[in-house]
Amino acid sequence: MDLVRGSGLVPVKKKPKILHGSSSFYRYDVKFKEVVLFLVERKMGASRRNFLMELARRRGFQIESELRDCVTHIVAENNSRAEVVEWLKSKKLNDVIKYQIVDISWFTECMGAGCPIKIESRHQLMVQEDCPASFNTPVSSSCVRVSPYACQRRTPLRDINRIFTDAFDIMAENYEFWESKGPRVAYQRASAVLKSLPFPIVTMKDVEDLPHLREEMKYIIEEIIEDRKSSKVEEVRSSERYKSFKIFTSIFGVGLKTTEKWYRMGYRTLEDITSSNCLKFTSMQKHGLLYYEDIASYVTKKEADAVERLIKTIIWGFVSDAIVTVTGGFRRGKNIGHDVDILITCPQKRDEIQILHKTINSLKKMNLVLFHDIVESTFDDTKRPSRYVDSLDHFQKSFLILQLQKEEENTYIHKPNKSEAQRSWKAIRVDLVVTPYEQYAFAILGWTGSQQFERDLRRFASHEKKMMLDNHALYDKSKHLQCCELQMIVYEFLGIG
Ligand code: DCT
Ligand code: MG
């Protein structure tokens, strides 16, 4: 890291003015006068303590190296409350009630937020000395072992390291725009690792043992720890190419090839595209442009629930025992998504064959279809499964834009523009996927996501279990890729339940 810095490739940051001729004491403005911190050195170590003290000062906190009267918060790491109290008593400080005694997790969250945060029960010191077994308890990096496979990690819905994962997601997206698959997957993988952490990253020590973090990624993390932003990521984010690609690829029906072509032709903005007289659009793209604002805004959980009710009512009118399940991000518990993914299966083969066409015809009769495209099944069980972990499945599916009636005024989570506000409905992207009954378990597994989870699940099956998993079946590599029978217990079989 230092070699890179010393090479002149990376700008060296200016340090604040040094006071009193001491190399370790810089002047920082105190922003939070009511809070005075003290870090317990025991089990933290002197060098980590010094680093954290310096960090807190940079963030505008007052921090004392001695336990003075003015101290309000005592912060300890890997110590139980009883141990800290005993230590205070050994210092002849019996009036422990006057101090807030908190875990390092409170300190790190304050550093992440840039201000003192409310002390919650999770910030209390552990009763026992061991690392907490519960995933929900915030812990420090020294307690956590992070699996290299996303399918062996829990990924909380609340991403406490968003400042870092957003940066990595931008890098991944940019590599995708350049069609550089290796670096794209590397950044996606690293982002997924950081998303899974149950503690906020505050120092480089927090990331030193994590899997999939390359040196250049660590440099980005270091920049963000120091400056709250990374010059490399900012350069990407503000580049003309990235901005245009981001807009064009967000149009329904527009992929990388079309984006690349439009960019080469000199188009940069959405207005450039919509006002062009020489571009020819597919029907999907025309509809994508027509309902751009609605589709680019998020689908809420309430809207997804409304779509689910609508589709279930229609399907159960035809096949009373059909199984209809919302998958994708909403199945993972997200409150917003870019579309609604719905899986459909019928216990009887004859029902399954017609169900998608019948459903779309019903939606059309109700005047709810703004656009639809049906892709028929290409599944062929004589073919070997794809070895490519990102390969798409072969199910019959339909990509729709549905017209969803707004239930009340405030259906939008963003501020509606004038034309949207005048409408009593919103355009919603919906994917309907029909699967054979015997492949349904695998389809649910594959469509629930996230993308990284699915990718790693397939990698795990292949590398660790000598099996191959796709959205249709689990195959045993040692038995000439014969399909496994235990369909409903895929997780258990893979040992990741
Ligand atoms: N999927 C996958 N590989 C891909 C794309 C998708 O395995 N290349 C799976 C995982 C999620 C599921 O399909 C649905 O895809 P999306 O709707 O794109 O993802 P999502 O998680 O539902 O995201 P969003 O909440 O934005 O809709
Ligand atoms: Mg989705």
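Positions of Cβ are set from backbone N, Cα and C atoms, glycine also.
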*Given TrEMBL annotates Asp339, Asp341 as Mg(2+)-binding, which of Asp272, Asp294, Asp393, Asp431 belongs to that site as well?*
Asp431
*Which whole number is the mean pLDDT over the domain 'BRCT' (27-124)?*
86
*Coarse DSSP state, helix versus strand versus coil, of Asp339 (Mg(2+) binding site)*: coil
*Please check each of the binding-site residues Asp339, Asp341, Asp431 and report the ones with a CB atom less than 6 Å from an atom of ligand 2, ordered along the sequence.*
Asp339, Asp341
*What residues, ordered by sequence, lie under 8 A Cβ-to-Cβ from Asp339 (Mg(2+) binding site) and sit at least six positions away in the same chain?*
Val299, Gly328, Ile428, Arg429, Val430, Asp431
*Quick one: of the binding-site residues Asp339, Asp341, Asp431, flag those whose CB is under 6 Å from ligand 1, and say none if nothing qualifies.*
Asp339, Asp341
